[in-house]
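The transmembrane segment annotation in TrEMBL covers 70-92, 113-135, 187-206, 218-242, 254-274, 300-322, 343-362, 410-431, 438-460.
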Amino acid sequence: MYGRYTQDLGTFAKDEAARLRLQQGLGEGDTPRPRRPSELLEYTQGRCAPCRVCALQCQRFLISKVGEDWVFLILLGLVMALVSWAMDFAIATCLQAQKWMYGGLDTNVLLQYLAWVTYPTVLITFSAGFTQILAPQAVGSGIPEMKTILRGVVLKEYLTFKTFVAKVIGLTCALGSGMPLGKEGPFVHIASMCAALLSRFLSLFGGIYENEARNIEMLAAACAVGVGCCFAAPIGGVLFSIEVTSTFFAVRNYWRGFFAATFSAFIFRVLAVWNKDEETITALFKTRFRLDFPFDLQELPAFAVIGIASGFGGALFVYLNRKIVQFMRRQKTINRFLMKKRLLFPALVTLLISTLTFPPGFGQFMAGQLTQKDTLVTLFDNQTWTKQGLSDEFEYLGILEAWRHPRSNVFVTLVVFILMKFWMSALATTIPVPCGAFMPVFVIGAAFGRLVGESMAAWFPDGIHTNSNIYRIVPGGYAVVGAAALSGAVTHTVSTAVIVFELTGQISHILPVMIAVILANAVAQSLQPSLYDSIIRIKKLPYLPELGWGHHEKYNVRVEDIMVRDIPYVTLNCKYRDLQHVLHSTKMKSLPLVESAESMILLGSIERAQLGALLSNQLSPQRRLQALRQKALAEDRHRLSDASICFQISTEASSGAPPRVTPRKPLKPALKRVPSSLVESPSAGTADHTGIALKSLFCGNTAAEPTEAQGMAYRKAKHVRISIVEEMDLGDRMTPAEILDWEEQQLDQLVDFSSAKIDPAPFQLVEHTSLHKTHTIFSLLGLDHAYVTSIGRLVGMVSLKELRKAIEGSLTAKGVKVRPPLASFRDSTASASEADTTALHQLWDRHQHHPMPREAGP
């Protein structure tokens, strides 16, 4: 019925292109004529001509291959690995400098305190000031904004080189201060900026990088690269980036993320080997748990308890972080003071945290002198720190000495560390510097797991008996489980389990880790949104919340319950005055175009910029000048016709006398007077060219008639001068009142949509579309609004605002029709009314009186 293709379209296109090339290559006598490009002709002469031509062709081939994805991904991975390694080197240098200052002043505790407090305060203050001056967009994590960008929202100045510099330098100073901050979220932002800048650079070689859809795909791969080169975890990085930035993920981007993240992680670890930091490529926090019997089956309840407790802890961390920000914003006095003194808040927070972590002071009860990396290394240690709660029975070596205190045991140290670091991290992540929250939460989770592991080791000092074998409990395994569970609860991700396996280099605890992470996610998702969604809500970014737990009743809500019914629209037969009223009354970026106000048949949508262009063109000074010129020409033609009769009679009466060139009064309006600045004044002996031109135009028998070529040249020059003068005179001729009257006349004309670009197929929904399907469509396609139609008629519109309020259960906004949640469900059994059927027949039989506008051609 519909026909079918007898040949594949791509094959047909190739055959047709080959046929056309063959026709162009045939010369006279149907013999192939060898053709060489003109740019290769200079290389075809000389003894090395073939080599030159081959080299040039190879160069072109390489340049063309720059547009391939794999080359772009290699460059992205290489650049990010270099950036990550350089930043880690700079951060380690800053932390070593702090230790050196602290250790060199061991003779005076006061000087030690001043050095310990001043150093991070200066670095944090510099980071905050530098970021605020250069690019305020670099503040914070970066994952919430990337989540919004990947959904299709454009955030200005967020992926620029200036923001890249501010993010890199600000993050290096912030992490070098030793504050409980992370780098995983900012690295996602940095990788995305690298991808955007590389796309902009490589667009010089081809236009493929100017494609918006392709840039979104590369940004999705860049997010995976950011996590991969940060932890040297390519697999977990890809999965984590998908979970935190994408609602729906295109599988075609899967290989891009894995390829770029693997290459980046490989180069990152190779650089560590090259710098003599490692002997070979190993895991970042390598553990040595026993593989023959990593854990007993009876330990699984303890791992499940870690998961459930981590779920509550993750929800509490997100809640505490949000309440701190809201408190700072709601206290207007504090807010105004901090807005004036922008660097005071980060300095005070750094001073407070540094004071509490001072090792000779309160920091001795919480391992204050350890950095985050050293803390993780000690927490993942596979040896038991205590036996029956006595700390003196274990021989502390190296950095493990930080967890030992002569007047308390390791349990007190771990509890104080967890409690203090919890609120410190929640407070520190609110500082206006480039920072993340993943690593602090990761460390806190590891400490909590270590606490449970040490408790289990104290309760079962000889291990859990299984048959006749005795295996001691490994507290380091509990630390790994706790780190994955708490970080997964805060971010609402499961891929933290894979990141932990790649960080430690062992997969022996895969079952406990997965159990804890899933339980932690189940508890946290039922209590609070993820940390990134919470930041999105705080910053009020245009993002659509998920239909999570507790939203099952929203599946019975339909579009007609939440749509905005009173929306502005543009009709096909509207006037320019209507366009002006619509543009002044609404701020919508696109407006629906309907056939008429009576039928409301949706024909398409038109951008606000197009409507503004139509209105400005209709009221433009050029168009007003053109109308005045046409009016003046019409009047001049009428006067010239009268003047030609008089001129002809006077010429016939004085045919014997020499012609007098005196301009006559009826001709003055026809020829404008030229100012002295534009046309030179004629000499006393020359005749008036105006009279000669008119006489030569109306009278054929003239004694002083110029030649044809001179007359044409003169007429062209005169036409140019007259047009310039006309524009000057006509532009100044109308008074403001006349201009206003002319604009009023123009506003009463019908709009011509022939030159406007109209989208003939905007996204549409029907009234009975469920909220669940609407949410899926908006999330999958990245929509910000959709029109609601009934039998082709426009009845309303749904935007992100209405959809978000419907999901959150707030349907009391102005313009939103409030109905009971089950109203649509109760009405679903009712059949279609006779009015709808009658309207359908009327629409089917009605003739279209107005031609539908077509989209403007290129």
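Using the three backbone atoms N, Cα and C, a Cβ is placed for every residue, glycine included.
Here the transmembrane segment (410-431) has Cβ contacts under 8 Å with residues 124, 128, 141, 174, 179-181, 313, 317, 320-321, 324-325, 328, 345-346, 349-350, 353, 356, 365-367, 385-386, 389, 391, 403-404, 437, 440-441, 443-444, 447-448, 450-451, 454-455 of the same chain, all six or more residues outside its ends. Taking residue pairs at least 6 apart in sequence, the transmembrane segment (438-460) and the transmembrane segment (218-242) share fewer than three C-beta contacts under 8 angstroms. Note on the transmembrane segment (438-460): residues 180-185, 299, 302, 305-306, 309-310, 313-314, 317, 372, 375-376, 379-380, 384-389, 410-411, 414-415, 417-418, 421-422, 425, 428-429, 472-487, 490-491 of its chain, located 6 or more positions outside it, place their CB under 8 angstroms from a CB of the stretch. Non-local neighbours of the transmembrane segment (187-206) in the same chain are 63-64, 66-67, 72, 75-76, 79-80, 83-84, 138, 141-143, 145-146, 149, 159-161, 163-164, 167-168, 171, 215, 218-219, 221-223, 225-227, 229-230, 241, 245, 434, 436; each lies 6+ residues outside the stretch with a CB under 8 Å from one of its CB atoms.
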